[in-house]
Amino acid sequence: MHYGGVIFDLDGVIADTARFHYEAWKKLAYELGIYFDKKTNERLKGIGRMESLDIILENSNISYTLEQKKYYAEKKNEYYKQFIQTLTPDDVLPGVKELMEILKRKGIKTAVASASKNAPTVLNKLGIASEFDYIVDASRIRKGKPDPELFLTAAINIGVEPSECIGIEDSAAGIEAIKRAGMFAVGVGDPKILKKADMVLKDLKDYGKIVDIISENITINNDRIFIVTDGKGNIKEDRYGLFYKDTRFLSKYDLEIDGKKPKLSKITSEKNFSKEISIEYKEDDNDRILQMYRKSFIYENTFYESFVLKNCGLKTEIANVTLDLDADFKDIFDVRGFAGGIYGSKPGVQREARQVVFEYTGLDGVLRKTTVQFNQDARYEKNKVVFMAELPPNKVFTFEVHVNVTVGNEKKATTLDFYEGLKTVEKSFNEWSMECAEVITDNERFNSLYKRSIEDLRSLLLNYEGYRIPAAGIPWFAVPFGRDSIVCAVQSLMINPGIARDVLLLAAKYQGLKLDGRSEEEPGKIFHEIREGEFTNTGMVPFGPYYGTHDATPLFLVLLHKYYKWTGDIEFLRKMLPAAEKALEWVISYGDRDNDGFLEYMRADEKGFTNQGWKDSEDSVRASDGKIASPPIALAEIQGYAYDAYMGMAELYKILKDTDPGNIKDKVEALKNKAAALRRNFHKAFWMEDKKYFAEALDRNKRQVDSITSNPGHCLWSGIIDGVYAKYVADRLISPEMFSGWGIRTMSSKEAAYDPESYHNGSVWPHDNSLIALGFSRYGFWEHLKVVFDALLEASAGFHGRLPELFCGYDKRERPLTQYPVACSPQAWAAASPFALLEAILGIRVDAQKGIVSLDPTLPDSINHITVKRMRVGEKLYDFEVERKNGKVEYSFKKGA
């Protein structure tokens, strides 16, 4: 997360003026004959003067009028102002000035948010008022803490989104205000009192931890490799590392100069595959200033980094540059704390003048190797590589590090020249962009989102066994996921149907063959997730592959049908027919456990996933009273996917009529009848007449799981809902209980289980919204579609022009946009959501075989003009424009490229 603002409380954070408040209140209480002690004073922290007076008067037997209260409140303030006249700059608490200096040099905006009207006076006496970009005191707000107004006002006036701010407070009421403002909360003081804070410091002498948050983690990736470092580019904590094939190949990569940590770091450029960082090493007691520039990227199983050390001082400096290295080869499930286990032999280390090699053979018998190479001679001090640099004034010392990783019999990649390699990577991203449809609108925010999504999707593409497959998400899901890859491919058909081809081929390659309870494999079933780490290979975790998903298989059929409509590739369709028929057989037999026509799931192994729809957390299927549903569970949206699969396969059989002429007609008729029966029974079993909405699911007793959720929204996309019911669903989805203002929630705010900070019970998922948007387009709910489009577009601005995996579902009218702390970003179906939203507003319908490309566009309020180039349908590329003229939306096609 990027943070652009830090907002300080005053009393107890910047200066200890709390003692003056205490003395002032104590003096007033004594005059009124009221007992007052430090315990009572603790209750006054973070709240306004009148509220504080009311608390003190609780111990009085006298009833005071409002006018009398105002008089005594002002009298207390006069006492307080007398006391604060004694303040000097020496009263600024330790760590504050140091932190302020770093924030200023990093370009971080700062503000003070104080419940005291005397805040400007106090800051002036301390000599630091001019250091802050804005000061908010009680005179500028209507509501005190714990209301978030104080902090929101500060954020607005420094021009930083609340979700990108850190608030620092010493009171529980202040921490609550920060959290309600959607900010990261740092408490200063007692952890027991400040337990709701995201981080608690004893005092600001420990300001380095705040600097670390601002410096943040940096993740870059390309193909199968990703690296997670701190904001200085180092790997030194257990959550960091360089990962490949579910194994950490570098667990320490920590740069120091003469054993000292940098004073300041700043990310100067960050892309999906590369980063640039500027780091300053400055001595407090002399004029020595060294500047380090780090630039890195990933290409072909190798992490490249260039280091440039510059002497910015006035005399020649001798510097020992050390790089602390280690490779623990931990399995990714161990790193994430999800599974522990036994490992093989202890990693061995070989050191040469310009190379360090770490080797490890796991219990799976697989050799894993990390080769770290340098382009300069170095010496070794235990695990540290040491370079000696002699630097005259204004001169530089440069060196490069290349980290190559291999598994098993893989050959070490050829190391390229640093800038040749970087240009090669950049070229591959540019080529990918040209391979996709180009989209330009008159809305720069959407243009930026679209461009970022194209780049994100490219960065997520894995070269997996010769197939180009989108990984589910970075950093921890950089592997093929059946459902995620399929949905991403569906969303991306308009911009690049080639993604779908490889997704279908890999899914067919790993299609289930046998019955295996532990992995939940079944004949014809499409996998959920494929892992390759040591824990997977030795059976400690069941992911090689794991099949615990109930929706990937019908979605596989949906994708195949849609892919054919976009490409008209009859030969590919013939090739895929055997896999499609196996998948169809699974849907009809294994998918429907009790032969009632509905698809329902129940895990086969206690270590498997309890819920096997896209909302796969353990508590995601809950009734209105909050109770968790008991399996087997039939989810509403999966019935929709099955309906779409039946109808799609019926059409594909008609197209492939020459493959089995005698039976094709019967197959088509049987599938259409099956689809019609499913649609009819779906309405009977899932419709809740009293709520005018479809149930989320049916439980083990075929009772409705009656929560109002986004699940039935997918049924608009699949087309299973009859028109008369569709309007009820669409209206409910954009009602205040479901629509946060930033998007459609996963669960209604009126439900007992609703939690806007949960994973699936009240959060907002962009991909969920994008499929619902396609459903709105299918049924012609144009106004509903525009509401969702504009909301997600606006939300993207709060996440640096990108849509994350999910974000919190707080009401926009009450709280600012709030990030979900551990959301993947980029994430495949979130990155592809803008493509689906675009397809929805354009109302695109295609049939490549018949040469049909039709539009039925609507434009949201935020866009008046769209130009699309190189949209591939079949073998042709289409260019067209959509424009609002005189209140009407018109379109025109141009000659194909």
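Each position is counted from 1, following the chain as shown.
Cβ coordinates are placed from backbone N, Cα and C, and glycine is handled just like the others.
These features come from TrEMBL:
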- D9: active site, nucleophile (ACT_SITE)
- D11: active site, proton donor/acceptor (ACT_SITE)
- D9, D11, E169, D170: Mg(2+) binding site (BINDING)
- 9-11, W25, 44-49, S52, K76, 114-118, K145: substrate binding site (BINDING)
- 220-401: domain 'Putative glycogen debranching enzyme N-terminal' (DOMAIN)
- 548-800: domain 'Mannosylglycerate hydrolase MGH1-like glycoside hydrolase' (DOMAIN)
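In this structure, of the binding-site residues R49, K117, the smallest number of CB atoms within 10 A of the CB marks K117. Put simply, D11 is the one of the recorded positions D9, D11, D170 whose Cα lies nearest to the Cα of W25 (substrate binding site). When the alpha carbons of D170 (Mg(2+) binding site) and K117 (substrate binding site) are compared, the span between them is 18 angstrom.
Look at E169 (Mg(2+) binding site): DSSP puts it in a strand. Contacts of S114 (substrate binding site) defined by a Cβ separation under 8 A and a same-chain sequence distance of 6+ are given as D9, L10, D11, V122, I135, V136, D137, A138, L150, in order along the sequence.
Distance noted between the C-alpha atoms of E169 (Mg(2+) binding site) and K117 (substrate binding site) is 17 Å. When secondary structure is read from DSSP and collapsed to three states, D11 (active site, proton donor/acceptor) falls in the strand class. Secondary structure from DSSP puts W25 (substrate binding site) in a helix. Most other Cβ atoms within 10 A: among the active-site residues D9, D11, that distinction falls to D9. Around the Cβ of W25 (substrate binding site), a 10 Å sphere holds 23 further Cβ atoms from the protein chains shown. Most Cβ neighbours within 10 Å, among the binding-site residues E169, D170: E169 holds that distinction in the structure as shown.
Secondary structure from DSSP puts S114 (substrate binding site) in coil.
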